[in-house]
Amino acid sequence: MAVFSEEAAKYVWGGAIPLQIRLHESEVTTLPPPPPALVLGSRIGYFPLLVPLIKPYFSSTLPPGEDTVWFDYNGLPLKWYVPIGVLFDLLSAEPERPWNLTVHFRGYPGDVLTPCDSEDTVKWSYINSLKEAAYVINGNSKNIMNMAQTDQFDLWQSLVKGNMDGYLRISSRLKLGPVGEDCFLKQASSLQPRQAIDEPDPVGSSRPSRIPVRLYIRNVGESLEDLEDAPIIDSWDRISYINRAVEIHKEGGNYMTLKHAMRTLLPEIFGEEDPDNKYELREEGNHEAGSSFGDPETISMTRNDLVEETSFGCQRSSEASLIRIQGIEPDLNIPFSWVVNNLKNPDYFLHLCVFLRTSPRQAKAT
Amino acid sequence: MQSETSARQWDGTLSPNDFNSSVAAFCERWKEVNDSLPQWLWEPFPVVGDSSCNAAGYLTMENVYHQNASEEVSHEESILGDEDLSDDATLVQSCGKDDIHVYDYHIVYSFNFRVPVLYFRGYRLDGCPLKLEDIEKDLPAYSLKGLRESKWTFMTQEDHPYLRRPWYTLHPCGTSDWLKVLIGSNAANNQPRPLHYLSAWLSVVGQAVGLRIPLGLYKSQ
């Protein structure tokens, strides 16, 4: 398998969600109301970028006032800085095509959404995200901060226009990958999920690489087969959002699969043994990573309480969860390096949606 | 000799566990220094699927009053530049309730940058949130300069990582660099003491947003 597959990248860049967008009824001033706008939303794009496309459909019917455009799905205001494809994968559990959304030109919900008054806001959110990813990968953001203005502009424009070749030309100069195929877990003897992010480099080993990942986790009701019945997300409080780096090593240990990566991110969900991986779990005895500052338990929270509140464990991973990346539900045994190189977004983050089955006990709690 | 080498190598970041230790030491010291100030409290925010991650949560200090002799007080006073000397009671009277700003500060650990990040929001006594131009009045001059010159990369509104609501934040991408310079050279071992890290960090970040920090925090114990 090639480190980087242009074919896969083309699928990611070409991926689009058919959107059927209605104007919110409170903003309709004409009879009959305007028909919905049908547009394609690029998976790697952002909702504010669709505004110039959508506005002509509705501009004649809007009440007087200034435009502050935002979108909602079933009443949930959509976070504009999350790529469209990720929002779709996350919120439309049973993929709904076209995806029925509502657009608003008035009444921006400033208590839920960060302000977005221009394309520049989106561009800088993207650049800041890229900086964060670069920091994770290289330990600094210099390559992004030192980018020529023209390169920065061209990079952004290539994303806006869906021009993959232009994007690859500029981004290849940023030295942010691809990740080599030789990507491993730590030596089996020291395999500890926690340790992966907690410890400084052990003396003598080559510096591990870190992969930037954004995880979005939601509960989808009692069955992962019947996603149509998944409860509607009416608040962002129902989504867990985790920003973590996955550490990979250039030598030794086991070949790293997507499942291994998930295990370092969510040990209680993906840390279950299956016959193939039993030998690794035996090594996970001493759980606490060393700390140069002493006892990590000094903070006034008791671990037991937390486990009580959030335990999704004790379930086999295949039953407990389902992963979606770029609309795909990938096999957990594929190499993590392939997933990263080919399914990451143009901000160099791997955006991953995780669906969890709600056990009856949790259903009661929420 | 080995520790010297490591001191040079220390990259200005800290691990989640070290952040935790730092938080504990910092809270304790803050309380010691001034019991009457608003206190920092750790608010754990357990992560689904990874409940052992004890750096998930935020350090919070809320309801911090910021009484600024704003431009509205009177021009003469501002020109004299003696805002700090003016009587608080008079100040409140002349400013009116609208000019008392209340701030909430949260310190969050960034797993990607491996440094603390400050989030804050401001509102009036009646609970009405402050707009950016209101907040600007409470910022020191050099922060205003930073805000004007780097609109998108210095201080912006972002989603609070745990509360998922818009809060103001200072961008952390340069934090490890200046922390390395600020405390790297003083660190006796390969890493600074836990208390030292957050105090040093807040001495820079807190001032940038006009948060007053008790000097006693920096006196040797």
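Don't overthink the numbers, they just go from 1 along the chain as shown.
Here the Cβ of each residue, glycine as well, is placed from N, Cα and C on the backbone.
According to TrEMBL, the domain 'Autophagy protein ATG5 UblA' annotation covers A:12-105. According to TrEMBL, the domain 'Autophagy protein ATG5 alpha-helical bundle region' annotation covers A:119-175. Among the features that TrEMBL reports, domain 'Autophagy protein ATG5 UblB' is placed at A:210-354.
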Run through the domain 'Autophagy protein ATG5 UblA' (A:12-105) and tell me, per DSSP, how many residues are helix, strand and coil.
26 helix, 26 strand, 42 coil
Three-state composition of the domain 'Autophagy protein ATG5 alpha-helical bundle region' (A:119-175), taking helix and strand from DSSP:
48 helix, 0 strand, 9 coil
Summarise the model confidence on the domain 'Autophagy protein ATG5 UblB' (A:210-354) as a single mean pLDDT, whole number.
73
